[in-house]
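Below you'll find the structure, written out as structure tokens, and then a few comments.
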């Protein structure tokens, strides 16, 4: 049986797809059979971040409506063994995504895979609720910024009430906080919520902290999940996150302000 | 010198202001989380009924639902203005 993990946030643009791509890739790199599913019907982007946009033939909706088999729609990742991508439909109506259909797809994937990562659309509507409905665990992606934190709290409310686990009174969805775009520099100057502020307000377990990093845009430009760039801070931070998801105890990195030395200040040895 | 201090103080503030605002809004959101969906509507209509007789403010009415093991208690608190 696969573990189903939803990557969600409420607010858009906080790094859900970047995180879903990096975490799914990281899980596969660690030897787990992993599939990552795009639930953002009409605005798919996971294929671009994963670098397989030209290989999309069939999508999740085709499978749900019986127009294609699951194996026809699954795209094998070219760089990473054990990793598949199930893209969202670009043209179809959102309503084509049904709970029954999603359940069948997840059940079939569960037989084959160790992890199913669901990349949720923004918002708290139909698509977002379906992406989280069958989840065992949730990664709540949050920027240290007021609107993102408030929306994350709303999502936590939905996870506690509108999921299958909640409706069946099963053990609740395990919630993880993933803070992205963290800038220790601005935290030090008092202009950004600290790690502890966000943790205190949302009161859930922290699974990772991704620093604001140039590597993220570079990775999406190239369609290579940032976790492949292990020279970068963001790549390492996502790898740490994956380790923690797998139950390892990894110390937190990249949350402290690094004072630049004289030389790097003079020659601009920026963060990679 | 004064200007520098002023600027410094202003800069320090924004993250802690953000935290305070979030703590309030999140506490409010969580209060509503366990309520049934009809509560906001019920609150609004009750307020309308009360206003037919007494002029009260929006925040003079406080409504909450507490669940015990075998029953729920709907608690309604209305602060009426003092008679003249």
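Cβ coordinates come from backbone N, Cα and C, glycine included.
Caution: TrEMBL annotation is automatic and unverified by curators.
Its Cβ taken as reference, residue A:18 (ATP binding site) is surrounded by 27 other Cβ atoms within 10 Å in the chains shown. What TrEMBL records for A:11, A:12, A:13, A:14, A:15, A:16, A:17, A:18 is ATP binding site.
Per DSSP, the secondary structure of the domain 'AAA' (A:2-150) breaks down as 61 helix, 28 strand, 60 coil. Sequence annotations record features per position, and here TrEMBL assigns domain 'AAA' to A:2-150.
When pLDDT is averaged over the domain 'AAA' (A:2-150), the result is 95. Take the mean position of the Cβ atoms of A:11, A:12, A:13, A:14, A:15, A:16, A:17, A:18, the recorded ATP site; other residues of that chain with a Cβ within 8 Å of it are A:9, A:19, A:122, A:141, A:180.
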